[in-house]
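Enquirer: Below, the features straight out of TrEMBL:
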- 49-488: domain 'Major facilitator superfamily (MFS) profile' (DOMAIN)
- 51-75: transmembrane segment (TRANSMEM)
- 87-109: transmembrane segment (TRANSMEM)
- 121-140: transmembrane segment (TRANSMEM)
- 177-200: transmembrane segment (TRANSMEM)
- 220-243: transmembrane segment (TRANSMEM)
- 292-312: transmembrane segment (TRANSMEM)
- 332-352: transmembrane segment (TRANSMEM)
- 359-378: transmembrane segment (TRANSMEM)
- 384-411: transmembrane segment (TRANSMEM)
- 423-451: transmembrane segment (TRANSMEM)
- 463-485: transmembrane segment (TRANSMEM)
């Protein structure tokens, strides 16, 4: 029996904890306390729990991409780049440093959460945002910016624990809803974060009546967006007072509610022990590994696009950019976020039912190629037409990204049985984090190189950048066919 939901019942509808009696409940165990509470609140919608999960998740997600709209200007102002064309090179490493740190620490934080509890790891993540995200906005040189972003990634261990917490704090019938809240709030945070960065960066220039050039926001023009997110993190940290610990802290008759075990419990009900496999056997599971490979390819392309789009949009038209301000980028991303939310709620559920998963990925990949190829021609437009085209293109690209990532999560779960699903997800998260760490650095290097090739005969300027993004798109498309991809058919 899994300990995540706590609201399981017998065949007669009697709460399982009630049937077990006092022997099943340890008064000093926080996990048992939550299980007992869930058993007693049958039919009660967990609104407070879902709101707290939403607040913490979106707060922890906001810093990930909030820097992209102003990163170009920040690198320029820090003076590390000797030439304008070098800005993208240095920006790439700052963009990659967060994921680089997270790739090396995510497994450790999962182990810590399994041993000491979900709440301490979540609290530590919020504290790290308050400290290091604020320090990033106060960076006085390039290396301070690089180190603070890396430390922010190292200490960002919330994702696994918040998933486990979401399934443990609610009754079993609300487990999938709680996970949906985690997923949707992360998606919204990845869009709203850059919008905050775009609107609030360089406030003394944008809002001189509110912020003077001699104030702290004038001397540190990228402090305000970081401070705003840190203030939200303070509020989320205060809200953690109402977070009950859900980890079982007793040995006798204890349920297995590790981060991995809780994630396993969501995909099915009746689990069988896998005594012949082991984690190493997963690498021989080609349906799983082919799905993970696709996941990594498209994740790399998505993160590279996120950085390239912001760098390209704010770069000067003489270098093939759009000469956007950070506010313009914020407007585009905010609009994309709104329409993406509507797409997730109203369109995708019906699309997923009507179209086969892998067919949907192929269609998205095919449509992405001409979309990305059209970006270098946008500087020929101006005014309202330019803003309309850029907004539509941004929305379509983000829609394609959300669609493919959702499908790959489903395909990976289909490829394995429930008893090894946690290990499979661990492999996927590790490899995906590595690909996301590599993507911004590579994107920055290619962008910097492209800015030096404005008069090249083949793929001049930013044509090269979007061509490279399409190389990954086409690679991903090819890998959706045999022999590279094999559909999983594991029994769950």
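The first residue you see is number 1, and the count goes up from there.
Keep in mind that glycine also has a Cβ here, set from the backbone N, Cα and C atoms.
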Enquirer: Sequence-remote contacts (6 or more beyond its ends) of the transmembrane segment (177-200), Cβ cut-off under 8 Å?
Expert: 46, 49-50, 53-54, 57-70, 162-163, 166-167, 169-170, 224-225, 228-229, 266, 306, 310, 326-331, 333-334, 336-337, 340-341, 344, 398, 402
Enquirer: Do any residues of this chain, six or more beyond the ends of the transmembrane segment (359-378), have a C-beta under 8 angstroms from a C-beta of it, and if so which?
Expert: 294, 305, 312, 320, 322, 351-352, 386, 389-390, 393, 396-397, 400, 403-404, 407-408, 461-463, 465-467, 469-470, 473-474, 476-477, 480
Enquirer: Is it the case that the transmembrane segment (292-312) and the transmembrane segment (121-140) touch, counting contact as three or more CB pairs under 8 Å in which the residues of each pair are 6 or more positions apart?
Expert: no
Enquirer: Between the transmembrane segment (220-243) and the transmembrane segment (87-109), are there at least three Cβ pairs closer than 8 Å, leaving out pairs fewer than 6 positions apart?
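Expert: Answer no, regions not in contact.
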Enquirer: Select the range from 51-75, 87-109, 332-352, 423-451, 463-485 that forms the most Cβ-Cβ pairs under 8 Å with the transmembrane segment (121-140).
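Expert: By the under-8 Å Cβ criterion, the transmembrane segment (121-140) pairs most with 51-75.
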Enquirer: Quick one: do the transmembrane segment (87-109) and the transmembrane segment (423-451) reach 3+ CB pairs under 8 Å, ignoring pairs fewer than 6 apart in sequence?
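Expert: Per Cβ check, the transmembrane segment (87-109) touches the transmembrane segment (423-451).
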Enquirer: Which sequence-distant residues neighbour the transmembrane segment (332-352)? Criterion: at least 6 residues beyond either end, Cβ under 8 Å.
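Expert: For the transmembrane segment (332-352), the sequence-distant neighbours (Cβ-Cβ under 8 Å, at least 6 residues beyond its ends) are 69, 184, 187-188, 191-192, 194-195, 198-199, 313, 324, 360, 387, 390-391, 394-395, 398-399, 402-403, 406-407.
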Enquirer: Report the mean pLDDT of the predicted model across the domain 'Major facilitator superfamily (MFS) profile' (49-488), rounded to a whole number.
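Expert: Over the domain 'Major facilitator superfamily (MFS) profile' (49-488), the predicted model scores a mean pLDDT of 84.
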